[in-house]
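Participant: Taken from TrEMBL, the feature domain 'GHMP kinase N-terminal' covers 55-137. Under the heading ATP binding site, TrEMBL lists Pro84, Val85, Ser86, Arg87, Gly88, Leu89, Gly90, Ser91, Ser92, Ala93, Thr94. Per TrEMBL, domain 'GHMP kinase C-terminal' is recorded for 199-265.
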Amino acid sequence: MLKIKVPATSANLGAGFDTLGVALNLYNEFIVEESDTVQIETYPKIPEFENPDKNLFVKVLKKTCEYIGNDFHGVKLTQKINVPVSRGLGSSATAIVGAIVAAFTANKKVLTDEEFFNIAYQFEPHPDNLLPALKGGFITACVEDKKTYYSKIPFPEELKFVVVIPDFELSTEKARKVLPEKVSLEDAVFNVQRVSLLISSLVNKDFDLLKVAMNDRLHEPYRKKLIPNFDKVVENALNSGAVGVSLSGAGSCMIALAKENFEDIGKSMVEAFNEVDIKAEYKILEIDKEGVQVEF
Ligand SMILES: Nc1ncnc2c1ncn2[C@@H]1O[C@H](COP(=O)(O)OP(=O)(O)OP(=O)(O)O)[C@@H](O)[C@H]1O
Ligand SMILES: N[C@@H](CCO)C(=O)O
């Protein structure tokens, strides 16, 4: 029996589109036991996830066994799901990372980064979610000539994340379809300037710069049409003391960075969604430094 615990992630942080990601202390747990058939239980119950042909964890587990060269006979999988699904908190990355690590651990194989990406990218081509889920912490990544390069960035202990979770799903697929194929040089420069400032202001603890540094022109202007009252959520969070706010991943969650007033910020973001008749809840989270954890 293996117990795999994988953290939620928040990709982008505004200007770091497809580049930056952070692991959060909210976890999905996957309990993996030997079986000759595929049996899946989810807590809370999500019938779609109990379908052996559709479950992402099982698909990745099968593919990884094939990659390793072992026949896949079945699995008894128990999922304890705490990461909201299709909300921009890396739920798919938890399943992909969990399954790859489970298969390598069960087969007593060492997982290299290259092997990890070879398998993981067949399911999700976004290192900004995959890497924090695997390694923990705050990570910047890029892919060049099919190779992934990444580096961990120290994250200031002073900051916490206030995440507002609206009561509607937004798949990454849908949120990518609204993006333009080309952007202007002006918008590209806008983001290069801000993502550089974002990293520097976090490392140097110049938190007053984050409000500007998290601004983005590559994805949020297009995606905010899918998030009712987006601007008001941002405004309320900043007025309640957040130092920066962005969409989390591809949405629908939004995430505020703050040193204090966490409850007020969370309530104010929920209120903005409630104004347009959308139920929402908030969570106050911290960075997860460890990434995926395995218990035998
Ligand atoms: N615990 C899980 N078990 C099996 N499949 C899952 C699980 N969690 C998520 N998935 C799969 O991942 C899909 C959601 O992935 P999607 O990339 O759209 O959103 P996300 O990962 O939550 O958000 P983002 O990528 O923006 O952070 C679900 O529809 C489901 O197919
Ligand atoms: N960087 C990705 C993360 C979602 O997987 C996006 O924003 O589409």
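Glycine is treated like the rest: Cβ placed from N, Cα and C.
What TrEMBL says about a protein is an automatic prediction, not a curated fact.
Quick caveat, the model's predicted, so the values are computed rather than measured.
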Participant: If you count Cβ atoms within 10 Å of the Cβ of Thr94 (ATP binding site), leaving out that atom itself, what do you get?
Facilitator: 31
Participant: Could you list the residues of the same chain, at least six apart in sequence, whose Cβ is under 8 A from the Cβ of Ser86 (ATP binding site)?
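Facilitator: For Ser86 (ATP binding site), the qualifying residues are Glu169, Leu170, Ser171, Thr172, Ser252.
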Participant: Looking only at Cβ atoms, how many others are within 10 Å of the one on Gly90 (ATP binding site)?
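Facilitator: Excluding its own Cβ, Gly90 (ATP binding site) sees 34 Cβ atoms within 10 Å.
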Participant: How does the domain 'GHMP kinase C-terminal' (199-265) divide up by DSSP, counting helix, then strand, then coil residues?
Facilitator: 33 helix, 9 strand, 25 coil
Participant: Counting across all protein chains shown, how many other Cβ atoms sit within 10 Å of the Cβ of Pro84 (ATP binding site)?
Facilitator: 20
Participant: Which residues, in sequence order, are found in the same chain with Cβ within 8 Å of the centroid defined by the Cβ atoms of Pro84, Val85, Ser86, Arg87, Gly88, Leu89, Gly90, Ser91, Ser92, Ala93, Thr94 at the ATP site, excluding those residues themselves?
Facilitator: Ala8, Val83, Gly249
Participant: If you run the three-state DSSP split on Ser92 (ATP binding site), which class comes out?
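Facilitator: Where Ser92 (ATP binding site) sits, the three-state DSSP reduction gives helix.
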Participant: Per 10 Å Cβ neighbour count, which of the binding-site residues Gly88, Ser92 ranks highest?
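Facilitator: Per the Cβ count, the most surrounded site is Gly88.
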Participant: Please give the average pLDDT for the domain 'GHMP kinase C-terminal' (199-265) in this predicted model.
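Facilitator: Across the domain 'GHMP kinase C-terminal' (199-265), the average pLDDT comes out at 98.
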